[in-house]
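As annotated by TrEMBL, domain 'Major facilitator superfamily (MFS) profile' applies to 88-488. What TrEMBL lists as region 'Disordered' is 18-58. Residues annotated as transmembrane segment in TrEMBL: 117-138, 158-181, 213-236, 242-263, 400-420, 432-456, 462-484.
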Amino acid sequence: MDLGLAPIGRRASCRGATRRRGRLAKAQRQTDVQGAETGLAESTCPSPGRPGVREQGDCSCSPHVGAGDLEGKAGEWSWATLGGKYKILAASAGAFIICNMDKVNMSVAIIPMAQDFGWGPSISGLVQSSFFLGYFLFQIPGGYLSSRFSGSRVLPTGVALWSLATVGVPMLGATIPGLCLSRALVGLGEAVSPAAATDMVARIMPREERSRATAFIFAGLHVGSLLGLLISPLLIEGFGWPAVFTCFGGLGLIWVAWFQLVLSDVVQKEKGVAEDLKGRGISTKDQEPIPWSRLLKSQPVQALMFTHFCNNWFQFTMLAWLPTYLKDTLGVSLANAAELSLLPPLAAITTSAIAGPLADYLISNGWKVATVRKLAQCVAFLGPMVCLACATTSDTGSWKVGFITAALGLASFSLAGLYCNHQDLSPKYAGVLLGITNTAGALPGIIGVAVTGILMDQTDSWTLSLFVPSMIFFLAGSIVFTLYGRGDLLQFADDSAS
């Protein structure tokens, strides 16, 4: 899916360079042509370290830009001519697609599995929440490893782990402890992916392109939900529920091999990107300690942790229970429930394509970073809150589906809000910060998914068990992030370039 990352980045860079050339050319008209051209070429890449200056790899004359970054201006571009950093972004988005395919497959497969094994909502909720136990436990270690060794190394390791665990679900699925263990291992592998991706974006992308880059990669989650919900029922009806885990896990192992080829090719051909991937992380030579205490005591970080928790309560509970909710409330078949579940990811993909570029546009036109992040997050919280309130009062199934679709679509504005804020606060510790906040964000997966099933058993009400808790957290999260969120560097964050 093309969200316009590379072309927009090139156009923005070219427009800025053109304006600078025009101003300098006017001032140097009396100089000789060759001297003017030399001065212009040098002026487009100001010295690093000055306020507002782009980072390495952002200017066309920088040695950190691959040849592929600048090709295709006069014609069509292809994968072969695409710049190395954009190949890494695209490959990372592919990993995120597989990530959510392996996450949502259980939300579909749990329906026939519950019928086969005689499980009720409480057991189904326990099985699904076990994924988030592993996801919770490895957030901070994943962030630390990404910042220490680069997300480009950590991400494929995580994909390999969760893919092997997914393939093992049919073998361990005969018992509840075995199934919970396999899903916990899937969560353990997937836990490193957000921090690894955030770390790579902070290393190779300039600040004014990070919203688009982050939105592009994380939009892969919505594409993965879409494909997982579309393909899983077909595999279940044709080959049984074990086929879902075998096929999806195998796809992840194929991605690992492909990513290694892509990364090796980029590193060999574009030394600048290779240096960016190694740079700006935590020093491995000096073993520089991470300021854990100062990070955890920082008010903006605490606000971001709570915001992440509120965001993920809605995302995880809805992701786990939406097919079951649609099957129960609308009385549709498994296949039809999965098909209806495709609508929210489609809306989220569309919103993701808008949120990131819009945020970058506002920042590049003088808006404060903090203002843009808070505005995006308020849209991501207050919009869905209103939609869920409408869904609970609607009497028709089509309107319920429409409001839920709109809620999940608007929630994707978080990709231009909280998910970019880690890089704003500290590019150097971006992976660590996401590991910290996503630890809080993983709790709704453990607590929320299980609690939803328990509340459903006790109240027999989807409104009280699924919708009302999300609405409460949406309101609380928007208030906290607006009051205490920040968009500038943390004072103790030793980042020479932002």
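Glycine residues also receive a Cβ, built from the backbone N, Cα and C atoms like all the rest.
TrEMBL does not curate its annotations; it predicts them automatically.
These numbers come from a predicted model, not from an experiment.
Counting same-chain residues at least six beyond the ends of the transmembrane segment (432-456), those with a Cβ under 8 angstroms from any Cβ of the stretch are 121-122, 124-126, 128-129, 131-133, 135-136, 139-144, 146-147, 187, 191, 194-195, 198-199, 282, 290, 295-296, 301, 304-309, 311-313, 315-317, 320-321, 418, 422, 425-426, 462, 464-466, 469.
With a threshold of 8 Å between CB atoms, the same-chain residues lying at least 6 positions outside the transmembrane segment (117-138) that come near it are 103, 106-107, 110, 176, 179-181, 183-192, 316, 320, 324, 439, 442-447, 449-454, 456-457.
Model confidence over the domain 'Major facilitator superfamily (MFS) profile' (88-488) is summarised by a mean pLDDT of 88. Here the listed stretches are 213-236, 242-263, 462-484, and the one with the most C-beta pairs under 8 angstroms to the transmembrane segment (158-181) is 242-263. Sequence-distant contacts of the transmembrane segment (213-236), counting only residues of its own chain at least 6 positions beyond either end whose CB sits under 8 Å from a CB of the stretch, comprise 1, 3, 5, 89, 92-105, 107-109, 112, 194, 197-198, 201, 205, 243-244, 247-248, 319, 323, 334-335, 338-339, 341-342, 344-346, 348-349, 352-353, 355-357, 412, 415-416, 419-420, 423.
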